[in-house]
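Have a look at the structure below, then the notes.
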2 protein chains.
Amino acid sequence: MGSATIFFWLQLPNVTKNYRTALTITGIVTLIATYHYIRIFNSWSEAFTVASKDGGDYTVQLTGAPFNDGYRYVDWLLTVPLLLIELILVMKLPQAETVSLSWKLGLASALMVALGYPGEIQEDLSVRWFWWCLSMIPFCYVVFTLAVGLAEATSKQPSPAAASLASAARYLTVLSWCTYPFVYMVKSVGLAGPAATMYEQVGYSLADVLAKAVFGVLIWAIAAEKSAVEESGKLLPN
Amino acid sequence: MGSATIFFWLQLPNVTKNYRTALTITGIVTLIATYHYIRIFNSWSEAFTVASKDGGDYTVQLTGAPFNDGYRYVDWLLTVPLLLIELILVMKLPQAETVSLSWKLGLASALMVALGYPGEIQEDLSVRWFWWCLSMIPFCYVVFTLAVGLAEATSKQPSPAAASLASAARYLTVLSWCTYPFVYMVKSVGLAGPAATMYEQVGYSLADVLAKAVFGVLIWAIAAEKSAVEESGKLLPN
């Protein structure tokens with residue numbers, strides 16, 4: 001995540017002014033994730049000890065300190081609206097549409113994260129499902145808007161290469177996003193204990209790398225392609 | 001806060017020279033806040049432990065170390081005058097007015113913070129109210145000056161978009177500022193103990209995000225809009 005940030009910001013001079021705000025935000029998303037993954041790492045290390053007695057097998061023990069999943073949700077609360085905004089900005093829609101889409105998707109996605117958290121910290125399975133269902137309402141709104149609404153914007157990109165990259169970014173968003181509700185369900189279907197926590201953390205981490213770093217590389221590729229088109233003067237009207 | 005700093009400073013080349021000082025200060029305000037929030041986080045972690053015995057429920061315990069609210073007041077002493085100055089600078093008033101407003105609002109707001117601190121660290125409710133009342137005198141002066149005095153400056157902005165952004169920044173200041181005296185009152189009305197401390201910290205933190213990071217984004221938007229107007233040569237006389 002931290003390396004991705006550095007890559008995006010070092011590429012800023014290589015794109016035209018039109019895409020610098022998108023690329024700046026792309027790097028901020030992975031920076032915020034870097035910070036929270038360090039917090040998650042430390043919290044994980046404080047919650048579990050791995051040790052071997054007398055040179056025997058290593059065993060994992062609870063230390064008594066909690067593993068704080070709150071860092072993940074604070075991360076998402078900040079990064080999920082921002083990564084939707086970076087996608088909207090790189091599409092270069094008319095300004096009024098950019099502002100209105102940013103507000104709608106930004107607020108809906110923050111609401112989605114906020115509604116997920118009360119269920120995540122619950123042991124009671126029915127309460128977990130209740131918050132999962134509530135959170136899925138803004139989730140479906142965002143994913144539907146991206147899958148359908150932005151299809152039109154994709155077709156208006158200035159070159160076939162830009163259009164196919166924009167389309168890839170749109171589908172990567174939908175795919176990586178759909179991972180999260182399934183990972184959330186790991187504990188809701190009755191799995192518990194250290195193994196469930198481990199599967200959940202591996203799942204969320206993989207989805208985060210796709211949704212932030214890999215997605216960011218696509219945003220950069222779109223910005224670079226559109227900058228090349230603009231600089232060669234082949235810009236089609238949009 | 002840290003991400004906001006990086007965003008503002010990476011945007012420096014994208015605005016004209018007229019607004020770079022305002023944008024630099026905007027980033028300094030959130031940088032100073034980042035530093036103090038790390039101190040506050042560490043002080044909080046040292047004051048409380050969360051642990052579960054034998055896998056039972058987690059409980060919060062006082063460690064005996066104090067939670068030091070002084071970091072917040074040192075932060076405000078530095079950032080509050082600076083964020084008023086960034087607002088004045090981005091308005092681009094005549095130079096004499098810029099200097100005189102910066103001194104008046106800067107000193108009044110520093111006095112406001114300094115008068116609030118002796119009450120904040122008091123348990124005695126009547127002493128708390130005494131300092132609250134004293135602090136409200138410079139508070140009212142600053143909020144009144146912003147709400148009324150800068151209305152005129154707002155109407156002189158070079159484009160309708162810049163005027164509406166400047167007006168939004170002015171009202172966000174008034175709104176976020178008015179949060180602080182109410183949060184201060186949480187303990188003055190007799191609430192005490194860990195719950196009161198928690199509400200107070202959540203309240204101040206939310207107000208800080210609005211007054212520094214969200215406010216900064218508005219300052220950047222004003223600077224970007226006015227730069228675009230200047231660069232397109234459509235600058236109206238002001």
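Using the three backbone atoms N, Cα and C, a Cβ is placed for every residue, glycine included.
As annotated by TrEMBL, transmembrane segment applies to A:21-38 (among others). Long-range neighbours of the transmembrane segment (A:21-38) within the same chain, counting only residues 6 or more positions beyond its ends whose Cβ lies under 8 Å from a Cβ of the stretch, are 1-2, 4-6, 8-9, 11-12, 15, 71-72, 74-75, 78-79, 82-83, 85-86, 89-90, 205, 208, 212-213, 216, 219-220, 223.
Annotated transmembrane segment per TrEMBL: A:73-91 (among others), in sequence order. With a cut-off of 8 Å between Cβ atoms, the residues of this chain six or more beyond the transmembrane segment (A:73-91) that come close are 19, 21-23, 25-26, 28-29, 32-33, 35-36, 98, 101-102, 105-107, 109-110, 112-114, 116-117, 120, 142, 146, 150, 153-154, 157, 166, 169-170, 173, 211-212, 215-216, 219, 222-223, 226.
Sequence annotations record features per position, and here TrEMBL assigns transmembrane segment to A:129-150 (among others).
Marked as transmembrane segment by TrEMBL: A:162-183 (among others).
As annotated by TrEMBL, transmembrane segment applies to A:203-224 (among others). Counting same-chain residues at least six beyond the ends of the transmembrane segment (A:203-224), those with a Cβ under 8 angstroms from any Cβ of the stretch are 1, 4, 7-8, 11, 14-15, 19, 22-23, 26-27, 29-30, 33, 37, 72, 79, 83, 86-87, 90, 157, 162, 165-166, 168-169, 172-173, 175-177, 179-180, 182-183, 186.
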| Taking a Cβ cut-off under 8 Å, which residues six or more beyond the ends of the transmembrane segment (A:162-183) line up next to it in the same chain? | 87, 90-91, 132, 135-136, 139, 142-143, 146-147, 150-151, 153-155, 199-200, 203-204, 206-207, 210-211, 214-215, 218-219, 221-222, 225-226, 229
